[in-house]
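Heads up, the thing below is written out as structure tokens.
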Amino acid sequence: MFDKILVVCVGNICRSPVGEYLLKARLPARDIASAGVGALVGHPADAQALAAAAPYGIDLTPHQARQLTDEMCRRYDLILVMERKLIEAVCAVSPAARSKTMLFGQWLAQGDKDIADPYRQSDDVFRITCQRLAQAADLWANKLKKS
């Protein structure tokens, strides 16, 4: 049912590429990509994100940031955003995407379901962010394997 998944954050250099690669590792048969609502187009993943993702077996070196487009929103079956405010940003690009846009942290058991932007923060913040992304990716993978 959800074979094409798009992961979205702001710049597409920290959270969404990590989320994309974590989901790809857990759901290798699915078409999974990422983009940003204010993407730093063509930029590689942030160096801190690269370092924080490495312990999870994730290599972000191939990543290049992409800008979210209406065409992308139409192509994917499920759009996972990092924060509630990004739901509205996605809908501004593609109003029809509202019904298939959810939080990446939707199934996290504790606290806020938003996954805050670690950009230009400490390495510890990046590590915590990657930990939350990995937990959320595990939960999404389990849900999606059942669908």
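A Cβ is built for glycine as well, from the same backbone N, Cα and C atoms used for every other residue.
Small disclaimer: the values here were computed from a predicted structure and weren't measured.
In TrEMBL this protein carries:
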- Cys9: active site, nucleophile (ACT_SITE)
- Arg15: active site (ACT_SITE)
- Asp117: active site, proton donor (ACT_SITE)
- 3-143: domain 'Phosphotyrosine protein phosphatase I' (DOMAIN)
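Positions of TrEMBL features highlighted on the structure.
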residue	record	Cβ neighbours (10 Å)
Cys9	active site, nucleophile	31
Arg15	active site	32
Asp117	active site, proton donor	16
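The residue listed as 'active site' and Cys9 (active site, nucleophile) have their C-alpha atoms 6 Å apart, to the nearest angstrom. The CA atom of Cys9 (active site, nucleophile) is located 8 Å away from the CA atom of Asp117 (active site, proton donor). DSSP states for the domain 'Phosphotyrosine protein phosphatase I' (3-143), grouped as helix (H, G, I), strand (E, B) and coil, give 65 helix, 20 strand, 56 coil.
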